[in-house]
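Engineer: Here's a structure for you.
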Amino acid sequence: MRNAEKYTHVSYLEHEGKYKGIWSWLLSTDHKKIGLLYLYSIAFFFVVAAILGLLLRLELIAPGPTIMDAQMYNGVFTLHGIIMVFIVVIPGLGAVFGNFFLPIMIGAKDVAFPRLNLLSWYIFIIGALLGVASQFAGDGPPDTGWTFYVPYSAESATNVIFALTAAFVLGFSSILTGINFIVTIHRMRAPGMGWFKMPLFPWSLYATAWIQVLATPIVGITLLMVIAERTLNIGFFDPALGGDPLLFQHLFWIYSHPAVYIMILPAMGVVTEIFPTFSQKPVFGYGAIVISSLAIAFVGYFVWGHHMFTTGISYWSRWFFSFLTFIVAIPSAIKVFNWISTMYGGSIDLKPPLLYAISFIFLFMIGGFTGLTLGALATNVHLHDTSFVVAHFHYIIFGGMGFAFFAGIHYWYPKMYGRMYNIKLANIAWGVLFTGFNLLYFPLFIIGLQGMPRRYFDYLPQFHAGHFISTIGAIILVIGIFMMMYNLIYYRHRGPVAPSNPWKGVTLEWQIESPPTHENFDVIPEIKNPPYLFKKEPQT
Amino acid sequence: MDEHKPHISSYLSHARVLTALLFLTLITVLLTWIDLGVFTIAVTLLVASVKATIVLTWFMHLKFESAFTRWIVIGTFALFVLILIVTFVDYFFR
Amino acid sequence: MTNSSSHAHPVDNEAGKLGMWLFLFTEFFLFGGLFLVYAVFRAKFSDGFHTGANDLNAMIGTINTVVLLVSSMTVAMAITAIQKGSNQKAILFLVATILLALVFMINKYFEWAHKIELHLFPGSEALQTLERGELLFFSLYYMMTGLHALHVIIGLTLLIICIFQIKAGNTHKGQYLLLENSGLYWHLVDLIWIFLFPLLYLLT
């Protein structure tokens, strides 16, 4: 790896450093290989958790117990939540595409601390395995939900400590990745790439990384306190010992609300890359997008209380959090306007990445507007803890982050593997996914409005129709996911060789060959122009 | 390799900083003998903050770091204080 | 955090230092969560916290404060020494720092041992009989000083590694990032204590 000899056009996939075979992956400090390691592990856990989600839906296909009992249902939705939130969605985009493309897009050969980067992946795997182990070790799978609310999490007889530790360890991995990205962006941009010549995906990662660094430790210590509560009777959160359960909710959401922005900001960054490329037009309002990313990251710190409106927090506190929740919608809306304006008048090429990106806007808008419904104090009382909330955050997290992830993988796939997937099949899979998604989650809004509580394994007959449609949607959605994955996996080796710039993109990753060489660039490029200058545009 | 020559603090300057810190420690301890009522916490925290600033500025070389590093340190403390205040919007008015 | 050299890059000390500062922020927020809990309970149960703080030995606390402050100076001096090229002096200062850290830990051990003798430890029955504020105070006391002690141990380990690195010739006048970052970490341990000390021992 330290050899000075020039590797001309040996792709990173074939490149072997000091280690051979499987070790050239497991011990590689190449940011691209680490990105793929994350991709494969996250994809694996995504499939596991998606199947768990399907099981939950199957249970709800008819009233009364169908395929599992109540306790098992609690365990399954807890595991579904822990895997999806802590293992899949929070690291997701940043660890996969951030690792792979951040250095390339800013014209660097690697991240600032490559070995630390590999360490983060190992810590991630340890955390993930602990999460899985919580299902089998000790006294039964945890049943607290991924939020670990006390006092129940302090009293539940199930194996909560493993799950808490898993979340703690995963948080640590997330922190290290965040540190790595901030330093990389500060120190390793190519010569000439000033802050405002940087593409927008790195910008979104920058905003995200700050949240990762400055918010994750709070949940770390909170989880440690719950562990201490369970093992040592320490009593911070247990009312019987003088503690305050609401304090746990404060501490938990101080991290976990910004965590939503850890999920969604990189997603916004990905689609911001896709719209200019498939419209062949410079992104509209570059500065506004940058500032809105930073604004979301900052304001996002101070809205955590909107998860607690019905818990009896003070009037002024509710007022404040509700107000800021509305404020944080503004930068998000600015971005939506910018994406649409980017497409306006462009020569639009409706390829799979753009399809996913457009559906991202659609689903994200539904999620966003229902978020305002929940952020308003009066309606929140009615909707709190109903399946309306479940539908809302799945529209944001799956419809937002998930679809952006799919958009990203379809966008960058030819760059990552040097092959092209079947575009027709990708379009069909998108159609199935999109249909299944809306069938699955939209009915939950309606039955939520009618009063269907979340996390219940049984329900009144009046909700049957909604649940039934929703379960059908879940089945279609899972079929869509498997079609998409089949397409990506099958054509990994069999697809036609992709040109180095199939979408006529202009950011740096499209200027190098596909797949990139081990060192990305033979010569570090010198940046003279702002990003997103397309040839047809008059150069200024 | 290095963008600027690192600043080398003298042994004497470190000793001076320590003296200041010990002096402030003495003050906080002595303050416990005086009843300041509601201001006790405020004054104690103020002294602790002054001490922390001294450690950050000289021992941790912030004085000789880039302005950016100084700002992120200030920003991090400010963020924590803001989170504290926002939490207390709940606890004070409940 | 000295991992900056993978490909053909020269070691980027600024990057290493920035990375360390960011890491310190996460440590600060880790304690920040506990400070938040402290603040809330102090506001709620100020009487219990007063009696609780009265039970702690302010003398041990003061001694430990002085010890940590002095150790902060010696580690800063070790950096000065290495910058001036006198490795032997640097090692001496580091040894002094480590000894001071050990004094701190021994003090802590006696303090905790004494409390445990009085059956005031988390989960003990004596503690459960106390009123809520005092109970919470002691829980916080153990949690905060315990986490702090853990950081002392980590810092101690880092300083010992520094000594070996100086001896091995990897840390010297031209390249002392590891020592500098370990120093930063050690100062953080001191910084946290600067706040813990008055909050736990003095506010009676």
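Just so you know, glycine gets a Cβ as well, placed from its N, Cα and C.
The following feature annotations were taken from TrEMBL:
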type	residues	note
DOMAIN	A:19-528	domain 'Cytochrome oxidase subunit I profile'
TRANSMEM	A:36-56	transmembrane segment
TRANSMEM	A:76-106	transmembrane segment
TRANSMEM	A:118-137	transmembrane segment
TRANSMEM	A:157-183	transmembrane segment
TRANSMEM	A:203-227	transmembrane segment
TRANSMEM	A:247-271	transmembrane segment
TRANSMEM	A:283-304	transmembrane segment
TRANSMEM	A:316-334	transmembrane segment
TRANSMEM	A:354-378	transmembrane segment
TRANSMEM	A:393-413	transmembrane segment
TRANSMEM	A:425-448	transmembrane segment
TRANSMEM	A:468-489	transmembrane segment
Engineer: Which range out of A:118-137, A:247-271, A:316-334, A:354-378, A:425-448 gives the transmembrane segment (A:393-413) the most CB pairs under 8 Å?
Structural biologist: A:354-378
Engineer: Taking every residue in the domain 'Cytochrome oxidase subunit I profile' (A:19-528), what is their average pLDDT?
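Structural biologist: Averaged over the domain 'Cytochrome oxidase subunit I profile' (A:19-528), the predicted model reaches a pLDDT of 94.
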Engineer: When you scan the chain for residues with a C-beta under 8 Å from the transmembrane segment (A:118-137), skipping those not six or more beyond its ends, what do you find?
Structural biologist: 27-29, 34, 37-38, 41, 45, 75, 79, 82-83, 86-87, 91, 95, 159-160, 162-163, 165-170, 172-173, 176-177, 180
Engineer: Near the transmembrane segment (A:36-56), which same-chain residues lie under 8 Å Cβ to Cβ, leaving out any that are not at least 6 residues past its ends?
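Structural biologist: Beyond its ends, the transmembrane segment (A:36-56) has Cβ neighbours at 25-26, 67-68, 73, 76-77, 79-80, 83-84, 87-88, 91-92, 95-96, 99-100, 121, 124-125, 128, 416, 474-475, 478, 481, 485.
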Engineer: In the same chain, which residue numbers or ranges, 6 or more beyond the ends of the transmembrane segment (A:283-304), come under 8 angstroms Cβ to Cβ?
Structural biologist: 196, 200, 203-204, 206-208, 210-211, 215, 250, 253-254, 256-258, 260-261, 265, 268-269, 272, 275-276, 320-321, 324-325, 327-328, 330-332, 334-335, 337-339, 341-342, 344, 375, 530-532
